[in-house]
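Asker: I grabbed these lines from TrEMBL:
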ACT_SITE  Ser164  active site
COMPBIAS  279-302  compositional bias 'Low complexity'
DOMAIN    81-265  domain 'Alpha/beta hydrolase fold-3'
REGION    270-302  region 'Disordered'
Amino acid sequence: MDPDSELQFDFSPFVRLYKSGRVERLITTSFVPASPVDPDPATGVLSKDVPIDPDRGVSARLYLPAGDGAAAAEAAKLPIVLYFHGGAFCVESAFSPLYHGYLNSLVARARVVAVSLEYRLAPEHPLPAAYDDAWAALEWAASGPEPWLAGRGDLRRVFLAGDSAGANIAHATAMRATKEADLGFGVKGLVLLNPYFAGGEEPRDAGARARMESAWRFVCAGRYGVEHPHANPAGWPEQLKELACERVLVAVAERDHLRERGSRTRRVCGGAAGLGRWSSTTPRGRTTSTSSSSPTATELRI
């Protein structure tokens, strides 16, 4: 059989990997341009694209709320949100219509400066590539070379946020930031929307659990087991107790197949000593929480 047509792994509805190494993405992503000069007509938000690590192809889209351009350089600084898009680690983009629209809405409602990361995708770049890219973005933000961040961002109020796979990346980055003494600032808050976590006994359906576990092994090329802290943080409560965030929000959607693991993560950690305020929410009748009505914007108001 032709290896270019023989399946090695079928991760429908996202991607298929063939034995030749060919990757077929079943969900295609379109891209929308940034608006560095003319604000978004619906929200008044400005946006622009910046390189993070050109050698690795890592970049980001920055967002600035209305009334916070160069003329407001002397005004009070705003919280910084480093956002990681979802897509099962395999699809989607910080530059897609979905995430461009969502970040415009989030920035307008929460009045934050946002950095939406375009990280490398599996299977071409299996985990920990996305984790490494997220850390590079956090260090880049802290280094202060970007005028919007240096002039309008407050490094004392840095939030990490993401949905689905992006929530997984946000959690991993927050845990690393907790352990890194030389970062120069702490992460004030963490927002996990429909977090992509595996492990344990959830979901209860054995078939669904097997599919989730095989998908996890696929996106990390077998590097991490399903009980690893990256996959199952609820199984490592002592580590989560060390999480140095003042505020944590966990949101799971009622119809999302990942909701049980996200809910357990919240239950295990909500009362942990040493953590600040935890909050959780379950939007009813939804399969995702990435919308302009998500509680994220409200929770990020300081």
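Cβ atoms here come from the backbone N, Cα and C positions, even for glycine.
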Asker: Return the count of C-beta atoms lying within 10 angstroms of the C-beta of the residue listed as 'active site', excluding that atom itself.
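Answerer: Its Cβ shell of radius 10 Å holds 25 other Cβ atoms.
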Asker: Over the domain 'Alpha/beta hydrolase fold-3' (81-265), work out the mean pLDDT and round it to an integer.
Answerer: 91
